[in-house]
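K.L.:
After the structure tokens below, expect a handful of questions from me.
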Amino acid sequence: MAVIQKHGKSSSPDLVCHKENVPPDKIGAPGCHKKRPESASSIFHRPVARIWTVVLLLGTCLLYCARVAMPICAVSMAEKFNWTKRESGMVLGSFFWGYCFTQVFGGYVSDRVGGEKVLLLSAAAWGSMTAFTPILAHLCSQPIFSMTLARFLMGLLQGVHYPSLASLCSQKVIESERGFLMSTVGSGSYLGTLVIGGVGSLMLDLYGWESVFYVSGLLSVLWAYCMWKYLLKGEGPIITLESLGNGGTQSKLNKRHWARLLKQPAVCAVIVTHLCTASTFFTLLSWLPTFFKDTFPDAKGWVFNVIPWLVAIPSSLFSGCLSDHLICQGFDTASVRKLMQFFSMGVSSVFTVLLCGNTTFSWAVAFVSATMGLTTFSHSGVSLNVQDLAPSCAGALFGIMNTCGAFSGVLMVYFSGYLIEATGSWASVFALITTVNLMGLFTFLAFAEARRVDIDSGRVRHHSIHI
């Protein structure tokens, strides 16, 4: 575990206000570390930022309602269409194949035309796709193929969400408020899983699996409409080739600079750690409902679909507040990031291992809740570390990280289904998750840093990079 070091606020490299060759209006008071985006006139003022935080929280909540609808309904759909565990794993895993392909593209486009436009267009598209999923399942003579294709398209459309958020945050929110926004919006994933786990389970029992897709899809389309109508004031979300070519300088790094950036040990550590975190989280997200159904067939679905995510929401908010508080108190940023990641991947693995043995339903819910709650600490660890390392291209770099995480998620979700069929035991899946978590944790503890690596140290006086 990393030792947290305390220092004066002005001693950390990433908190230094470089005054040389910086316009007077961009020089803060001594010790100031509220770095503003390149275009100060484009930032959100605090009241506007709070409104956007709530709207993006709701959007992320609906994103996960639509995403988790399939895992929630997987057991019922498998019974109706006679799917095996391996076929269910293929349908669930196909989402991540699509998710891989649009991560970098989403960050690239968002850096040039604005993350809010990409979020709006994608939400309207994946919301519509979710609502049409039951129709596709019933119309096609081979539902396994139509559902695999539908999940693949869902992955394509939802893949731009988080890179767009990272781009929007880096362009519109000052550095000292990004932690609160990202941790709050990040908790939307757990809120969405909680909502669809509770309400979706009830709808599944009362009205059938089709209703889960209809409701979550239509609400997502409604959210996109309200965002367009009231926040963007009805402005057309048009993305043209000219706007792509004339975008901001945030991500205009040539191949040489990208090659140098990706060779940095700290950047590689962030990518590997995020890969491990994302793959284990996606595996738990996809297979936990089936685990409880198989192991405790008489258990109420709303219990194990609600309680773990009910724990995860305050845990995510707490981790963000704790992280910001420690940094404000003068503790080393890199050590704080490592501490958060230790709880996320190290301590959570203890409770994952406990699931390998024979346990009662109550203890299983408790262990899963502890695992998911501690996993949320990564929002204040590796997820924020990418902005510490490369704020000038955080959107595109986050897209690369998420691409790697999604690709590994595809493999782990599918391989987990294979392990269950081959061994007949869920212990093999939980052992795999623990192993991957510990590999990522050791990598992060060994190589993670918090200093900027996206700029030449010899040119650190420049406020931004223009290539």
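Just so you know, glycine gets a Cβ as well, placed from its N, Cα and C.
In TrEMBL, annotation is done automatically, which means it is predicted and not curated.
Got these off TrEMBL a minute ago, pasting:
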type     : residues : note
DOMAIN   : 52-452   : domain 'Major facilitator superfamily (MFS) profile'
TRANSMEM : 51-70    : transmembrane segment
TRANSMEM : 90-109   : transmembrane segment
TRANSMEM : 118-137  : transmembrane segment
TRANSMEM : 149-168  : transmembrane segment
TRANSMEM : 180-200  : transmembrane segment
TRANSMEM : 212-232  : transmembrane segment
TRANSMEM : 266-287  : transmembrane segment
TRANSMEM : 307-327  : transmembrane segment
TRANSMEM : 339-355  : transmembrane segment
TRANSMEM : 394-420  : transmembrane segment
TRANSMEM : 426-448  : transmembrane segment
K.L.:
So, does the transmembrane segment (149-168) come close enough to the transmembrane segment (394-420) to give 3+ Cβ pairs below 8 Å, pairs being at least 6 apart in sequence?
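P.N.:
Touching, yes - the transmembrane segment (394-420) and the transmembrane segment (149-168) meet the threshold of 3 or more Cβ pairs under 8 Å.
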K.L.:
Determine which residues of the chain contact the transmembrane segment (266-287) at the Cβ level, with the cut-off under 8 Å and only residues 6 or more beyond its ends counted.
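P.N.:
Tertiary neighbours of the transmembrane segment (266-287) are 68, 71, 92-93, 96, 193, 341, 344-345, 368, 371-372, 375, 378, 382-383, 385-386, 389-390, 397, 400-402, 404-406, 408-409, 411-413, 416-417, 420, 429, 432-433, 436-437, 439-441, 443-444, 446-449, 451, 453.
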K.L.:
Between the transmembrane segment (51-70) and the transmembrane segment (180-200), are there three or more C-beta pairs closer than 8 Å, counting only pairs 6 or more apart along the chain?
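P.N.:
Yes, since the transmembrane segment (51-70) and the transmembrane segment (180-200) share at least 3 Cβ pairs closer than 8 Å, they count as touching.
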K.L.:
What stretch, picked from 118-137, 307-327, 426-448, has the most CB pairs under 8 A with the transmembrane segment (180-200)?
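P.N.:
The stretch I would name here is 307-327.
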